Amino acid sequence: SFQPSFTGHMLWGTLRHPGVPAAPELTPIHRAGYCAFYDECGRNPEVNVSLVSSNVPCLYNQPARLATGALLQLLRSVCPELVRGDNDTRVCCTLRQLTALQVSVALSGTVLARCPSCSRNFANLYCNNICSPDQSLFTNVTRIVNRTTVLGVQQEAVVEYQCFYSQRYADAAFDSCKGVRLPATGGYAIDTMCGIYGARLCTTQRWLDFQGDKNNGLAPLQIDFQLVPNGTQPGDGIEPLDERAWGCNEALSSDQQPCSCQDCAESCPPVPAPPSPAPPFRLGAADGALVICAMLFGFFALVFLTALMCRGKKKKKKAVLAPRRGCAVRLGTCSHRFLAGIFRRWGTLVAGHPLPVLVVAAVVAAGLSAGMATLRLTTDPVELWSAPGSQARQEKAFYDEHFGPFLRTCQVIVTARDQRPGATYDSVVLGAKNFSGVLSAEVLQVLLELQDQLTGASVWMQEEGREVTLQDVCYAPLNPSGPSLADCCINSVTQYFQNNRTRLAMVATQTVGKETGTVDWHDHLIYCVNSPLSFKDITSLELSCMAEYGGPVFPYIALGGYPDSEYTQAEALIITYSLNNFPRSDPRHKWVLSWEQRFLEVVRDFQRNHSQNLSISFMAERSLEDEINRTTGEDIPVFAVSYLVVFAYIALALGEYTAWRRVLVESKVTLALGGIAVVLGAVFASMGFLALLGLPSSLIILEVVPFLVLAVGADNIFIFVQEYQREVGETREQHIGRVLAQVAPSMLLCSLSEVICFLLGALSSMPAVRTFALTASVAIAFDFLLQMSGFVALLALDARRQEAARFDICCCCGTEKEGPTGPGLRVLRPFLSHFYTPLLLHRLIRPLVVSGELGFPLRTCDGAHWVPTTGPTGCPLGATGCPLDSHWVPAAVPLGRPPRGVLGVYWVPPGCPPQGPSGACHGATGCPLFPWGVHGVPAAAPLGAYPASHWVPMAVPTDDISCALGQCLNATRRPTVEEFERFLPWFLHDLPTLQCAKGGLGAYDTAVSMDANGTIMASRFMAYQRPLRTSQEYTAALRAARALAENITGTLRQVPGTDPDFRVFPYTVTYVYYEQYLTVVGEGLFTLVLCLVPTFLVSFVLLGMDLRSSVATLITITMILLDTVGIMALWDIPYNAVALINLVAAVGISVEFVSHLTCAFAHSTKPTHVERAAEATITMGSKVVAGVAMTNLPGIVVLAFAKAQLIQIFFFRLNLIITLAGLAHGLVFLPVLLSYMGKAPGDGAVTPGDTRVVEGTATALTPLFPRRTQSPGDTRGQQGQRRARHGAGPGQPLLRGLGAPAALSPHHPPLCPILLLLFIPRSYLNWFSQSQ
């Protein structure tokens, strides 16, 4: 008999001429009705190893024999095309041969039965070869061996023959099978039937050569297939076989169906071509987006210039008394006075009783901070970035409940460090192949050494009192109940040798044709990477390619960095350990974590020992969390230095030093430390308060919130302290109360805006963003309350110390009492007053500033494509989420792809498929509504790298041939529901073997979730995604998978009896991370808009219903965000959830840059827009720079030295952009914008005696802060008098002092920056002379 094979290959016919018969001595008669061989003549003596026992035929060149009885009946089942009638059917085979053929065809049918026409064509090939009555017409025996039976009978056994097929017939048979899928392996069935060529390079000739190779472990003799070109004859009476071959889209009969769309492209219904990707938007040869941005810029610039010209024509120089104020203005003025009165009384009260207030504030803050003892830090990325109610989380929960958590992965990637040169290996069997430097015997031996160490690795569990080894936690698909170490699923290149050193070192001599050579591990490896499912190679080594645990090792899993499919040129060798995963509540979860820790230790030692020659990258499932925790700990000193730099700056910058001998008295180190303590107390109190409410925190919150609150708190501290240092003329308590009345409304405006902003930001569905927003809002609220209480009390105590001439820090020591000798050394305020503000608000500069500010966001918006991205690694946050020195980030470098490679995706229908097994079997025989493939998905979609693997077609027989080897249905029909439920458990736990390749153990035993009664609760079908590298690809894969799932769901709901709520969803381990990228753009815009709304509303209310100033605030903050996003794109900062957190924080920081200055403008009493903008810039600009920008910048710069890319990118780069953008817009754009569109001069509060002119005249104003009678001994009055002599004191025109021009006017001639430098020496001489 003949055994059709499907697991090996040998090159034949390279030196022969197709279609030329051999000498006719053994088959002299080629005539219809004559045989070439008949009956069985025992085993082939030339075949040493055979996976399936079979015999060879006997030489018989005589007429075919009549088939009767059992032979005829079996022939109707196995080879129905050969049956001519009850008395007219002749065959060239015996019942024993036909029975063996039935078994052989059944084995092949296990991989081909999905496509009935392919299975039938394949069976017909060998039905004709073995049993055709016209066998001698297309068969020519070329070699026999003589044998003697036990009874002494002489026989001639056929061991090689030629078989002639027409090219048309052979091609048609091959075409019907080349698309058939093999779900159990995720590849094509032809992969197992074409030897080293695989499905990609397989042709008809190579396919048939494989079948006739006696060395493949299944074929009992050698067959030389000759394909004869159409219309030609070989001669010598030979006629090539030219039977009918069924097309894969043809049904074998009216009651059967053609092959499925998944297995046969011709069976697919016509599908409209998917829309091609939209071409780049271009207008002519230019970038369309850039052109539109330019047009928008031109439009807005034209509108602005037109409005400016129209306004200039209507100007009239005349003195105007303050106009009547409307109801809104009066209401705003009243509210402002009301707030100022409350804060004045509160400040006076606190300054009079500082110690009790300070104690109460400290006790409350400490009490709330104590709640941090119950704080839970969330480190699980799923909990951080995926909302509990999101679709991906719900699907993950369903999957974990019914199938358990996804498998865990431990991986080692080995590359050659010295880039050793490759070599060419000339195989006597397989030809010449190039081998990379890393694929050498020495490296493979080293890999075996590492695997031996890992296999023997164990860890002692103290709580359990036992040792945990690999076999306790490994995934053993073929022996899940009681695995041994050999059963563990380990994928590596050495598994082609079953991790056996002896087999790796094997050498044998082999002769091919007239050439004799040596074969070794090179030959076996070349064969196995192209035919990984083979149980025996074609070399004299006769080794299996299957792994030690019994499964195949696919080359794209064990190798990396290869060009095309040239696996022997791989630059990286990959070892993958698959481990079971357990719920966190399961004690075995600690087992697997402990073994993974031991895995990391072993590989780390191995890395050190072989670091000279090999580059070794490795990871475990716990690596991401471990690495983030490690680098967070290592970056704590960086954060500490950053905060220390900020603290040092605040401590030094708060003081106002008038003379060297008074430095220790006028120093504000203690007050600065108190202010910092207030900020930290607010942060700790907020986290403790939320912890008491059960809200968890995270490391990102610990890193971002202190920076945010420090920026807010430091700004308020600088404003309060510097205003206190400027004011004079009353008692300490009255002084503090009045200063608080002046600055607290502005502080309230900023803090309230930020609190409401972040509270609305907490509406985000992302847990990390929501938790951050809640923590930030509570922290800012606490910070404001503690500053209004604790810091005011600290300021009162510090003022008492300074009046007593006690030293800072060491207050028990002091010097003699004396008043300040001058206003103190200042740089920022004089620079703003004399140089910066006149230049910025000049009539020629202001239009340029507006035009430039309009153009910049329009330019950056062209580059700011809000595409969610992370990077090219396997981290949930991409490359930015992994430390630069991580032991597994370099793993992606030699591979050019994520370390995980191809990811499986499961299609999960809850419950049983509709109509039980009948409804589920659409894919088994080609229903046109086949739902389980990837048909209809665009070819560019990142799905369908390998076919879907589902258990239903394997569990439900569709042909009685598939039941020949086991106990199953004796009918060609689908089982009933009762039969299906009875047979299903047997199938799921049946071990797959050559005799029963459909066994479901390993491939499908975990694919069905059943309750105790056997009811199917859920099932899953696996497919594969194409290799994915970036987050865009991962997101596209998720989007395409969900679209396909909706299509499948809609199709199955059309099946009668289907539950209307039936739904299929896709699931893989990465979807829960990348779901955020489906909505992060829209959700980010929504969150940022929500944050902007309260900023506008609070500004509108607290600025006295000042619509113009509120709109200016909103415009400036919006432009800060636009420019930040644009620069993010230009600086390669990815947009994801971490970036969104920082952008939400940017709104809060922008409020600090903008609102203080807007508030100062709104309450200014200067007569013109320009002068009010100038006063606001000078008075508040210096505080904003000192309190926000200079507080943030030193600490941000230090973060550039952090190891974690997450910190470098999202905390250094992004915070630097936010700070610089906020500073630029707050001090450049906002003053100019307010000078154009701010509140009209007559809309503000008017003090008695105010006289206002429109423009161009000098201004005499009543003092902004009227002097009071100086109390005896109060030296602050002298200080104020000195300041009035040397600076812009009360009652003098703005900017008059230190040699500045008398007044600022739009008609003032432009100031040359070089001439402005002439004022610097005089100014510095004044400052230094005053300090002596």
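Glycine residues also receive a Cβ, built from the backbone N, Cα and C atoms like all the rest.
The domain 'SSD' feature in TrEMBL is assigned to 635-797.
Taken from TrEMBL, the feature region 'Disordered' covers 1264-1291.
Sequence annotations record features per position, and here TrEMBL assigns transmembrane segment to 288-308 (among others).
For 346-368 (among others), the entry in TrEMBL reads transmembrane segment. Outside the transmembrane segment (346-368) by six or more residues, the chain places 681-682, 684-686, 688-689, 692, 732-741, 744, 782, 786, 788-790, 792-797, 799 with a CB less than 8 A from a CB of the stretch.
Remote same-chain residues near the transmembrane segment (636-657) are listed as 663, 666-669, 671-673, 675-676, 703, 706, 710, 714, 717-718, 721-722, 725, 808, 823-826, 1186, 1190-1192, 1194-1196, 1198-1199, 1201-1202, 1207, 1331 (criterion: CB distance under 8 Å, separation of at least six residues from the stretch ends). For 636-657 (among others), the entry in TrEMBL reads transmembrane segment.
Taken from TrEMBL, the feature transmembrane segment covers 669-693 (among others). Counting only same-chain residues 6+ beyond the ends of the transmembrane segment (669-693), those with a CB under 8 A from a CB of the stretch are 362, 364-366, 368-376, 647, 650-652, 654-655, 701, 705-706, 709-710, 713-714, 717, 721, 774-775, 778-783, 786-787, 790-791, 794-795, 798, 808-809, 811.
Under the heading transmembrane segment, TrEMBL lists 699-721 (among others). Non-local neighbours of the transmembrane segment (699-721) in the same chain are 377, 379, 384, 628, 632, 639, 643, 646, 650, 653-654, 668, 671-672, 675-676, 678-680, 682-683, 686-687, 739-740, 743, 746-747, 750-751, 754, 768, 771-772, 775-776, 779-780, 783-784, 787, 791-792, 795, 1138, 1141-1142, 1145, 1148-1149, 1152, 1156, 1180, 1183-1184, 1186-1188, 1191-1192, 1195, 1207, 1211, 1215; each lies 6+ residues outside the stretch with a CB under 8 Å from one of its CB atoms.
Here the transmembrane segment (742-766) has Cβ contacts under 8 Å with residues 336, 339-340, 343, 347, 385-387, 389-390, 712, 715-716, 719-720, 723, 773-774, 776-777, 780-781, 783-784, 787-788, 1076, 1079-1080, 1083, 1087, 1090-1095, 1097-1099, 1102-1103, 1137, 1140, 1144, 1147-1148, 1151-1152, 1155-1156, 1159-1160, 1265 of the same chain, all six or more residues outside its ends. TrEMBL lists 742-766 (among others) with the feature transmembrane segment.
Positions annotated as transmembrane segment by TrEMBL: 772-797 (among others). Sequence-distant contacts of the transmembrane segment (772-797) (same chain, at least 6 residues past either end, Cβ-Cβ under 8 Å): 343, 346-347, 350-352, 354-355, 357-358, 360-362, 365, 368, 671, 674-675, 678-679, 681-683, 685-687, 689-690, 695, 697-698, 700-701, 704-705, 708-709, 712-713, 716-717, 720-721, 724, 732-733, 736, 740, 744, 747-748, 751, 754-762, 764, 1141, 1144-1145, 1148.
Among the features that TrEMBL reports, transmembrane segment is placed at 1085-1105 (among others). Counting only same-chain residues 6+ beyond the ends of the transmembrane segment (1085-1105), those with a CB under 8 A from a CB of the stretch are 328-329, 331-333, 335-336, 339, 745, 748-749, 752-753, 756-758, 760-761, 763-764, 769, 1111, 1113-1114, 1117-1118, 1121, 1140, 1143-1144, 1147-1148, 1151, 1155, 1158-1159, 1162.
Under the heading transmembrane segment, TrEMBL lists 1111-1131 (among others).
Under 8 Å from some Cβ of the transmembrane segment (1138-1164) lie the Cβ atoms of residues 336, 700, 704, 707-708, 711-712, 715, 719, 745-746, 749-750, 753-754, 757-758, 761, 764, 766, 768-769, 772-773, 776, 780, 877, 880, 1080, 1083-1084, 1087-1088, 1091-1092, 1095, 1099, 1102-1104, 1106, 1109-1110, 1112-1113, 1116-1117, 1120-1121, 1124-1125, 1128, 1171-1173, 1175-1177, 1179-1181, 1183-1184, 1187-1189, 1192, 1206, 1210-1211, 1214-1215, 1218-1219, 1222-1223, 1225-1227, 1230-1231, 1234, 1238-1239, 1244-1245, all in the same chain and six or more residues away from its ends. According to TrEMBL, the feature transmembrane segment maps to 1138-1164 (among others).
What TrEMBL records for 1184-1202 (among others) is transmembrane segment.
The transmembrane segment annotation in TrEMBL covers 1214-1237 (among others).
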### Query
Counting only residues 6+ away from its ends, which parts of the chain sit with a Cβ under 8 Å from the transmembrane segment (1214-1237)?
308, 707, 837, 840-841, 846, 849-850, 853, 1108-1109, 1111-1112, 1115-1116, 1119-1120, 1123-1124, 1127-1128, 1131, 1133, 1139, 1142, 1145-1146, 1149-1150, 1152-1154, 1157-1158, 1161, 1169-1170, 1172-1174, 1176-1177, 1181, 1184-1185, 1188-1189, 1192-1193, 1196-1197, 1199
